[in-house]
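> Mind looking over this structure? Questions follow.
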Amino acid sequence: MASKVATQPAMAPAVLRLFFHDCFVNGCDASVLLDSTSHMESDKAAEPNDSLAGFEVIDEIKSRLERACPGVVSCSDVIALAARDAVSLLGGPAWNVPLGRKDARAANISAADAYLPNPHANLTELLNKFAMHGLDTQDMVALSGAHTVGTARCQNYRARVYGYDGEGKIIDPAFAEARRRTCEVGGDNAVAPFDEQSPLTFDNAYYKDLVARRGLLTSDQALYGCGGPSDNLVRTYSKDGKRFARDFATAMVKMGNIPPPPGMPVEVRRNCRRINY
């Protein structure tokens, strides 16, 4: 991870996103890494996953592990460890990663479409999505801070900056105008950083943006502006970066412990893109 991030810093948020998108679909089982076959459609084909990246990084790590210690370290453990290192390499916290996960022998594209949070989601929808996995309000607000790094495409923030999601007064006009210009120049695939202030530093600037009504996605700004515990946490994290880092690390361990459904066939895959035969 260190060598990849040194030359391609964007690989850090990409790998972190892989971990989120894996754990929210049938638990942390590396199903997101499986390629499609004649008998199975990959999670990668789900609409929320169509811009995922970083697969080659995981492949390289797994290949080295297989040469040194074949059949021992699962692909799901590789993602968990790589996500931790991605955060740390961008200046964020480090934490001890519990190990021993196993890899799924099948993908579940319908679950990927159904369970991953939507960029247009409101607060209630977000809380429900996280609660399905045993994650509470604090976990949800802290984990959303992963958006302090990385980018999103216009097709995912267009509705917010043009007011289609009913944004009203909860968007800074200058911010909305700047992002509209980005869309106009680059179209649906035009990217913008979640955090303009420090897009490749893992810090608490994301929450400062939310307080300033400069959240990029509707689902980002949903964390702040409705009152209640979510607002209080956003304000706290915007003022106390150490508290955010601590709560984020705790929530990452909790999310990383989401298990596959009982009875689901699992293994330690030798190649993260396909099951063992």
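All residue numbers here begin at 1 and follow the chain in the order shown.
Cβ atoms are placed via backbone N, Cα and C, with glycine included.
TrEMBL lists His21 with the feature active site, proton acceptor. Taken from TrEMBL, the feature Ca(2+) 1 binding site covers Asp22, Val25, Gly27, Asp29, Ser31. According to TrEMBL, the feature substrate binding site maps to Pro117. If you look up TrEMBL, you'll see His147 marked as heme b binding site. What TrEMBL lists as Ca(2+) 2 binding site is Thr148, Asp195, Asp203. For Cys23-Cys28, Cys75-Cys272, Cys154-Cys183, the entry in TrEMBL reads disulfide bond. Residues or ranges marked as domain 'Plant heme peroxidase family profile' by TrEMBL: 1-276. Feature annotation from TrEMBL assigns site 'Transition state stabilizer' to Arg17.
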> Do any residues at least six apart in sequence from Cys75 (disulfide bond), in the same chain, have a Cβ closer than 8 Å to its Cβ, and if so which, in order?
Ala30, Leu33, Ile58, Lys62, Asp103, Val268, Arg269, Cys272
> Could you tell me the C-alpha distance between Cys28 (disulfide bond) and Asp195 (Ca(2+) 2 binding site) in angstrom, no decimals?
27
> Would you mind checking how many other C-beta atoms are within 10 angstroms of the C-beta on Pro117 (substrate binding site)?
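Within a 10 Å radius of the Cβ of Pro117 (substrate binding site) lie 21 other Cβ atoms.
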> So which recorded positions out of Arg17, Pro117, His147, Cys154, Cys183 end up within 10 angstroms of Asp195 (Ca(2+) 2 binding site), measuring C-alpha to C-alpha?
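Those near Asp195 (Ca(2+) 2 binding site) - Cα within 10 Å - are His147, in sequence order.
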> Among the disulfide-bonded residues Cys23, Cys28, Cys183, which residue has the fewest other Cβ atoms within 10 Å of its own Cβ?
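Counting other Cβ atoms within 10 Å of each of the disulfide-bonded residues Cys23, Cys28, Cys183, the minimum falls on Cys183.
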> Compute the centroid of the Cβ atoms of Asp22, Val25, Gly27, Asp29, Ser31, then list the same-chain residues not in that set whose Cβ lies within 8 Å of it, in sequence order, for the Ca(2+) 1 site.
Cys23, Phe24, Asn26, Cys28, Ala30, Val32, Asp43, Ser76, Ala104, Asn108, Pro260
> Counting other Cβ atoms within 10 Å, pick out the least crowded of the recorded positions Val25, Cys154, Cys272.
Cys154
> Based on Cβ atoms within 10 Å, give me the single least packed residue among the binding-site residues Asp22, Asp29, Asp195, Asp203.
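Across Asp22, Asp29, Asp195, Asp203, these binding-site residues, the one with fewest Cβ atoms within 10 Å is Asp203.
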> Rounded to a whole angstrom, what is the C-alpha distance between Gly27 (Ca(2+) 1 binding site) and the residue listed as 'active site, proton acceptor'?
9
> Among the recorded positions Arg17, Cys23, Pro117, His147, Cys154, Asp203, which ones place their C-alpha within 10 angstroms of the C-alpha of Ser31 (Ca(2+) 1 binding site)?
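Taking Arg17, Cys23, Pro117, His147, Cys154, Asp203 one by one, the ones whose Cα falls within 10 Å of Ser31 (Ca(2+) 1 binding site) are Cys23.
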> Identify, in sequence order, the residues in the chain of Thr148 (Ca(2+) 2 binding site) that are 6 or more apart from it along the sequence and have a CB within less than 8 Å of its CB; answer 'none' if there are none.
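Phe194, Asp195, Ser198, Thr201, Phe202, Asp203, Asn204, Ala205, Tyr206 - these are the non-local Cβ neighbours of Thr148 (Ca(2+) 2 binding site), listed in sequence order.
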> Check the Cα-Cα distances from the residue listed as 'heme b binding site' to the recorded positions Arg17, Cys23, Asp29 and tell me which is shortest.
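Sorting the recorded positions by distance from the residue listed as 'heme b binding site', the top entry is Arg17.
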